[in-house]
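Okay, so here's the structure we're looking at.
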């Protein structure tokens, strides 16, 4: 038996919410790591982290950091990716990027391994990880689209605060405490750190995730719309999204309406398709009150689907409730899955 | 000038979340009350309440309680309404019922005064107040339907805990405190007090409001579907709903997709219609991050609409975000509005 090939891996944004999860998953899944580099901003450099029982000192990310790196997993914000991902590629690394920086670039595959693993082979150095809310939706819908066709998707999201980072989660908990104590609540981060106004998220709902585009949709909504078409390889697919931030830390939920192409289907046909799909868990038994919730999905890798209903008017319409841990399948786990698929494929030459 | 006609009014469920709001609104709006009776279960009877500066002792509701009552405002649950509303009618009162007990009865008008005030005249003793999540949606959509026609509605709700009563709000806050303190969270009320299982609502989302029907929709979802058709007088209208309970106390929000009949409309046409509509406040300026939230709508009578967008694929499709205080326009204020319209109308003979 041949010795297992191992890889030098770098995590960029190693101290962030997603970076921490990536490190944990690489360890849990026994990813064939030779050497792990943990890279961050200057502010977090010098921190000590452990990986497989060994201590690793976090280093400040710089172009030279990627010398000798085979796989670089980026999760430190779009501007860092734009600046350093090309430097990593130049030095021979394959980048899996978890930001929106390159997702819509024509020569960058946008991949959910259960949905379009074949796209990985087309990479030219960078593979993009889709937006968290997109990943779980396409994972749930792809098996249905393959089986019956889908022409239209309308989604309303129920998104967790951790999608805006660890500081946003701290803001949620801090605001919650102040609210419960009857004190004034301060809002400094959400809905969008860099935007003009901030509103309390504790005991509230904010219909803004990311900044507004000129068409009145938010960038988050446009990500769901455009990324879904790209991942599904279907520019004609109708997709509409309304994205809402809600006061819980983990897992996005989505109320999804679809119109299938095939006539005469019922809920059991959708159930059957989802039951045999990779990475999907069907939790749908209304009479026993079985359905996924953000808390029930937390810490799990899969995408959970429940509340499947046939539309009462349109015989081709179906409603679904899709929930997944936004930091795992929505980010860290999908990133590592891409890296796993990459190292297993012939397309990856070390 | 003639002396103002005054009325003997009873509130059934006077110590509940909605009953308390009704009493406050009768006072604030100077409803022409001659005598106010506050009725409740045996458990709350004997409590002292004030109305217009006078002390009123809460009495246990019984058939005889309605002797001499002109208008009885019921908000004590469906079984109480089923039992006592006919007794009130028998004794000459007109009942405005805030439960689902009679809403779909053919001879009971189901009324949102901005939408179908004319139906009040058809009453035969009972007028029903629609479900909270229905009221705000039809209030926002009726002016659009009148102007341009609407053939299809798909709504996903973001509903406040107070819709399940004061005890549910206490549960939310108690669970939130325990969660923040790192303690185990107990769930005893939500999603539905009388159902088999209970799940935490704090820092979570529950895709169940009211019990499940055989078709996989919840009763809350079927209320939105059926009540909307009845109030709009349009059995052919396509309506689909997914109802979700969220961790905030007050105001329901709704992500609403509509398909209008008229071609060639844009967002400004919808804005113009909403701006001139009774009881609607347009809060829609994305560039200034202006949109309603549950907290911004709390304590206000109106229905707030924002995030109006034209669908990117269907030229007859529009998306809206509709928010209103579920205890006010969704319950107490709509109930008092019905009573106001009733006493102003010729149909009400004292």
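Including glycine, each Cβ sits where the backbone N, Cα and C put it.
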Using only what TrEMBL says about NADP(+) binding by A:15, A:16, A:17, A:18, A:43, A:44, A:162, A:163, identify which of A:314, A:326 is listed for that site too.
A:326
Counting other Cβ atoms within 10 Å of each Cβ, which of the recorded positions A:17, A:132 scores lowest?
A:17
Can you count the other CB atoms that lie within 10 A of the CB of residue A:162 (NADP(+) binding site)?
25
Please identify which of A:15, A:159, A:326 has the densest Cβ environment, defined as other Cβ atoms within 10 Å, among these binding-site residues.
A:326
Considering only the binding-site residues A:15, A:17, A:43, A:159, A:326, which residue has the minimal Cα-Cα separation from residue A:103 (phosphate binding site)?
A:326
How big is the gap, in Å, between the Cα of residue A:245 (substrate binding site) and that of residue A:252 (active site, proton acceptor), rounded to a whole number?
9
Fewest other C-beta atoms within 10 angstroms, as judged across A:43, A:103, which are the binding-site residues:
A:43
Using DSSP, what is the helix/strand/coil residue split across the domain 'Semialdehyde dehydrogenase NAD-binding' (A:8-123)?
35 helix, 32 strand, 49 coil
